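Undergrad: Dropping a structure here in structure tokens format, bear with me for questions.
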Ligand SMILES: Nc1nc2c(ncn2[C@@H]2O[C@H](COP(=O)(O)OP(=O)(O)OP(=O)(O)O)[C@@H](O)[C@H]2O)c(=O)[nH]1
Ligand SMILES: [Ca+2]
């Protein structure tokens, strides 16, 4: 291509004279303003590119954390960056995604091989979010909680091995010890981390941080900064930035919402088992009119017990029954203060967020953020006093498995937070939540695990749990 035919070459070669553009050899000489305009537009284009470039920088990274909970398994897929050695997180929709599979892995106790289906589905989801060229550089971990903690060691290990088989062939970066059951204390710590990261208090004054109380399906966590001396097995010390946090962090196994409700049914069954043939045992935590069916169809004993159990919803009686459950073992309290069972709990310190089922139950009853705890009592009394068929009509879109829980959980929340842990009913320090902070970051412990352990791995801080460092 020669200069006569290519207008662009003519425009940027200043040695042409100013003759008309139609001449074979152009005489046109770009004026100073044209050169300046070209220079400014190139500069603006470059500035815009670097400001809004899709950050496909070589420091872009991905990580996958699978939360294997008792009622479901969830994959959390993160994209983040390293900028001058520090991880930069963003949990907006372009850089964070979550997918759930039900039921939880512990439902496969009788058939551990069946656990591979949901994990394979979640791996497929993750591969859809991470560019193929990044799979082998992206870590994937499966961290299980109370659902697996409640299984016997052999079955738990069988289920974990099934998940390892899937993860080994996932294409992601995986090591066998990256599929494991995390301690309840770590679970609470991670929930605390994401809450304070979201609120902007992580890295700040310890006594300005916010505690977490979480009502899961099989366990309940209580985690907060305490200035009281604490036994080693109930405390976690973490460092973030250059601040050390001394946390009380405990997970009450069997006291998650589903496990506690099952525990109550078992106790009622036992009293039914000792009852005479025709004596009926009433269940105050299930709305009247609900008909119990035995989970194991072929068990005559089970169906006899179930037949003798009668739903007789009564909030006050349910609150008393759940409080008795929370105080089981209190006589073995070895310290001056055990709010639940025989486990030491320090005096409550600072503000708290109440998450998971605390949130689901409060949202269902449409409680106000401010007076939610005091409002929980009349809401629970009304709900527990309704007939089951009435409730089904009132809440046609609510799943039975959730609707069946609200009488129990309203009473359980009061007996746990007020009657046991000691939050006043008008205590403004505790709010229910599922997200926090200006960016509405989800309060899932998996995000806290990712934040803390990625920061430790990249900033080489000393942290207690090195598992995720691989
Ligand atoms: N009403 C209602 N309940 C829910 C919802 N999602 C989960 N739950 C129930 O709330 C309880 C706590 O849920 P999660 O925090 O997901 O519990 P999990 O992680 O499966 O259980 P853990 O392994 O003990 O942590 C369980 O009984 C769930 O069945 C929801 O959207 N609405
Ligand atoms: Ca959970």
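For all residues, glycine too, the Cβ spot is worked out from N, Cα and C.
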Undergrad: State the residue range annotated as transmembrane segment by TrEMBL; the candidates are 34-52, 53-71.
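TA: Transmembrane segment, as annotated by TrEMBL, spans 34-52.
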Undergrad: If I go by TrEMBL, the feature region 'Disordered' sits on one of 1-27, 82-108. Which?
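TA: Comparing 1-27, 82-108 with TrEMBL, region 'Disordered' matches 1-27.
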Undergrad: Around the recorded ATP site, report the further residues of that chain (criterion: Cβ within 8 Å of the mean position of the Cβ atoms of 217, 218, 219, 220, 221; site residues excluded), sequence-ordered.
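TA: Residues close to the ATP site, other than 217, 218, 219, 220, 221: 70, 145, 146, 184, 214, 215, 216, 251, 252, 253, 255, 256, 257, 259, 356.
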Undergrad: Among the recorded positions 187, 218, 219, 220, 221, which have a Cβ atom lying under 6 Å from any atom of ligand 1?
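TA: Among 187, 218, 219, 220, 221, near ligand 1: 218, 219.
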Undergrad: With an 8 Å cut-off on Cβ-Cβ distance and a minimum sequence separation of at least 6, pull the same-chain contacts of residue 218 (ATP binding site), or say none.
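TA: Looking at Cβ-Cβ distances below 8 Å from residue 218 (ATP binding site), excluding near sequence neighbours, one finds 70, 106, 145, 146, 147, 149, 150, 253, 254, 256, 258, 259.
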